[in-house]
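Asks: Feature list, courtesy of TrEMBL:
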{"type": "TRANSMEM", "residues": "59-80", "note": "transmembrane segment"}
{"type": "DOMAIN", "residues": "60-398", "note": "domain 'Amino acid permease/ SLC12A'"}
{"type": "TRANSMEM", "residues": "87-107", "note": "transmembrane segment"}
{"type": "TRANSMEM", "residues": "119-141", "note": "transmembrane segment"}
{"type": "TRANSMEM", "residues": "191-209", "note": "transmembrane segment"}
{"type": "TRANSMEM", "residues": "216-234", "note": "transmembrane segment"}
{"type": "TRANSMEM", "residues": "261-283", "note": "transmembrane segment"}
{"type": "TRANSMEM", "residues": "304-328", "note": "transmembrane segment"}
{"type": "TRANSMEM", "residues": "356-378", "note": "transmembrane segment"}
{"type": "TRANSMEM", "residues": "446-465", "note": "transmembrane segment"}
{"type": "TRANSMEM", "residues": "477-500", "note": "transmembrane segment"}
{"type": "DOMAIN", "residues": "510-557", "note": "domain 'Cationic amino acid transporter C-terminal'"}
{"type": "TRANSMEM", "residues": "512-531", "note": "transmembrane segment"}
{"type": "TRANSMEM", "residues": "537-555", "note": "transmembrane segment"}
Amino acid sequence: MGSNETAPIVKERKRGCNDLCEDYGEAVRFGVFRKKPLSADLEKLLSTPLKRCLNTFDLISYGLASMLGGSIYVLTGTVMRKRTGPAVFLAYLLAGVVAVLNAMVYSELACRIPKAGSSYSYAYILLGELLAFLTGWSILLEYILGTSTVARGWSSMLDGLTGGAISQWILKNVGRLSPPGGVLAEYPDLIGVALILIAAGITCCGVRGSARMTGVFIFINFCVLVVTSIYMFVYSNTKNLRLPVPSNVTDANPYSPDPTFIPFGLGGLMGGVAICFNAFIGFDAISTCAEETRSPSKDLPRANFAAVFFVTAITVVASLALTLYHPWYLVTSETPFLVALSDNLGGGPSTARTGMFYFVGIGCLIGLSSSLLSNLVAGPRINYAMSEDGLLPKYCSNICQPFRILHTADEEISRIDQPGYLKARWANCMPQCTVKFFNRGRPGDSVMFLVTIYLVLMCILIILIKVGAPEGLWPVWRIVAVVVFLLVLIFLILLMCAFVQHKSPYRDLFRLPLVPLFPCATMTVNMFLIAELSWITWARFAVWCGIGLIIYFTYGVCYSSAAAQEGHPWALGTPPKSTDNNSPDYVVTRSR
């Protein structure tokens with residue numbers, strides 16, 4: 001009797017396990033390329049549980065805080081000393097041009113899709129769920145690392161202004177975590193932790209209040225940079241633009257077209273542009289606030305262009321002033337402005353230089369504070385968008401009433417993302433190439449196929465240019481191959497131009513000119529900047545993406561709100577709060 005009862009039980013368990021595997025396989029098959037529907041009804045599109053209270057000035061404040069913040073005080077020394085030499089201002093100028101290209105792409109996508117999540121939301125609607133998750137996961141890392149590094153930089157700057165008194169007190173009374181140069185920091189950063197908690201408390205008081213405080217911080221920081229630049233121009237020396245490369249600089253490029261102005265060659269200059277581009281991440285922070293903007297179609301493009309223009313102008317002027325004031329090879333990577341003002345080689349009386357030293361230090365602290373506030377505002381919006389779609393746990397999208405702000409922030413995670421940021425910008429250009437052609441299938445599918453071929457050929461072209469290419473004259477075969485690939489890429493762009501673009505269902509939106517030429521050019525520039533990153537940077541980023549893929553394939557693929565909306569029996573999530581699957585207004589249909 002016992003044996004007769006056991007057989008069916010074993011058989012039932014095997015059948016249940018097989019069903020579970022089949023359900024999971026179906027979830028992955030449907031989920032990887034699933035696209036989120038977008039309503040053509042503007043009223044439905046603009047509906048949000050968040051409070052729409054931000055105007056153009058508020059968005060510019062957040063953008064400038066993310067861009068200006070403390071980047072100019074830190075990045076300038078790194079780029080000048082290791083990449084560009086005196087041409088650092090040219091690297092900022094070129095990075096500003098690239099930022100304008102990306103800001104234009106962002107502006108139209110943000111107007112068409114005024115949702116929190118920025119690049120994540122655009123990728124989900126136009127490219128698919130898996131790529132959208134990786135894009136959002138990359139941007140989340142961007143803000144997590146930004147929060148931790150800014151807080152660390154703030155405490156280090158304060159410690160430097162006090163002559164190391166803070167670090168000595170912590171080492172004496174708290175203890176040492178690691179020897180100097182070890183894996184961990186030498187001592188616990190109590191000031192940084194306290195700063196993050198204070199900034200998180202400010203953002204919890206409401207997005208409008210933190211925007212006003214950010215605006216005040218940015219105004220002070222802007223004034224500090226202007227006054228410092230004027231001081232350095234007054235005591236400048238034009239000979240510093242063309243100094244001979246000293247013997248201790250061993251990594252200079254002998255094939256440089258201008259060894260005194262661009263000592264590390266054109267490759268070093270392009271690498272400097274890739275680093276300087278990090279100073280222009282603010283248009284992403286602006287787009288994450290789309291659901292809290294009063295008039296997204298007008299405020300978002302204005303804020304994007306204004307922020308990029310101001311940051312380009314001040315970074316070019318400030319870096320040029322530093323170059324003329326102090327020899328580039330004596331600048332340190334960490335605090336270039338402070339080192340230049342504390343060095344006796346700098347011009348001006350000693351008392352004036354001492355006063356400017358503390359003036360710049362205070363300006364840097366204020367700039368870092370504004371950057372920290374901006375990161376703590378933008379990061380949770382990415383969490384919110386991914387959680388609303390069921391790809392992250394639902395508690396990440398809790399709304400705190402009656403303020404109608406996000407309840408969960410992401411300052412708990414810390415410590416890698418330059419490729420993630422550039423990958424997100426590249427991911428924006430792909431949907432921009434197809435969004436004007438997509439109209440329920442063809443010609444959108446054909447254009448997407450052409451864009452995919454364009455990306456593959458562009459990767460091969462970058463390999464031809466970057467890998468194994470000699471510094472001097474190229475061999476004939478390499479030149480011919482590059483020319484052939486360029487002609488094929490131009491032909492693909494002309495093929496995309498042959499398709500008729502459909503008009504947007506919304507009126508008075510910002511429209512990107514010269515589509516698909518403009519987004520393809522932007523995508524190409526971004527890919528060349530990505531190619532300048534080191535392998536160790538990619539290795540760290542790959543680890544973060546691996547963690548994200550584990551989360552997606554163990555949680556997101558089964559709890560996706562889009563899967564529940566489509567009515568799949570294996571879906572464990574809940575449908576979106578307002579769905580209208582049968583509405584003819586949906587511009588992007590669900591994937592099959």
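Here the Cβ of each residue, glycine as well, is placed from N, Cα and C on the backbone.
Model, not experiment: these values are computed from the prediction.
Looking at the shown structure, can you explain where the listed features end up?
Replies: Beyond the ends of the transmembrane segment (87-107), by six or more residues, the same chain brings 76, 79-80, 118, 261-262, 269, 272-273, 275-277, 279-280, 283-284, 286-287, 300-301, 304-305, 308, 311-312, 315-317, 319-320, 322-323, 328, 425, 428-429, 432, 510, 512, 518-519, 521-522, 525-526, 529 to within a C-beta distance below 8 angstroms of the stretch.
Beyond its flanks by at least six residues, the transmembrane segment (356-378) meets 62, 64-66, 68-73, 143, 146-147, 150-151, 153-154, 157-158, 160-161, 195-196, 199-200, 202-203, 207, 210-211, 213-214, 217-218, 220-221, 223-225, 227-228, 231, 282, 284-285, 288-289, 335, 337-338, 341-342, 348, 409, 411 of its own chain at Cβ-Cβ distances under 8 Å.
When DSSP labels each residue, the domain 'Cationic amino acid transporter C-terminal' (510-557) comes out as 37 helix, 0 strand, 11 coil, counted as helix, strand and coil in that order.
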Asks: Could you tell me whether the transmembrane segment (191-209) and the transmembrane segment (304-328) are in contact, taking contact to mean 3+ Cβ pairs under 8 Å with a sequence separation of 6 or more?
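Replies: Answer no, regions not in contact.
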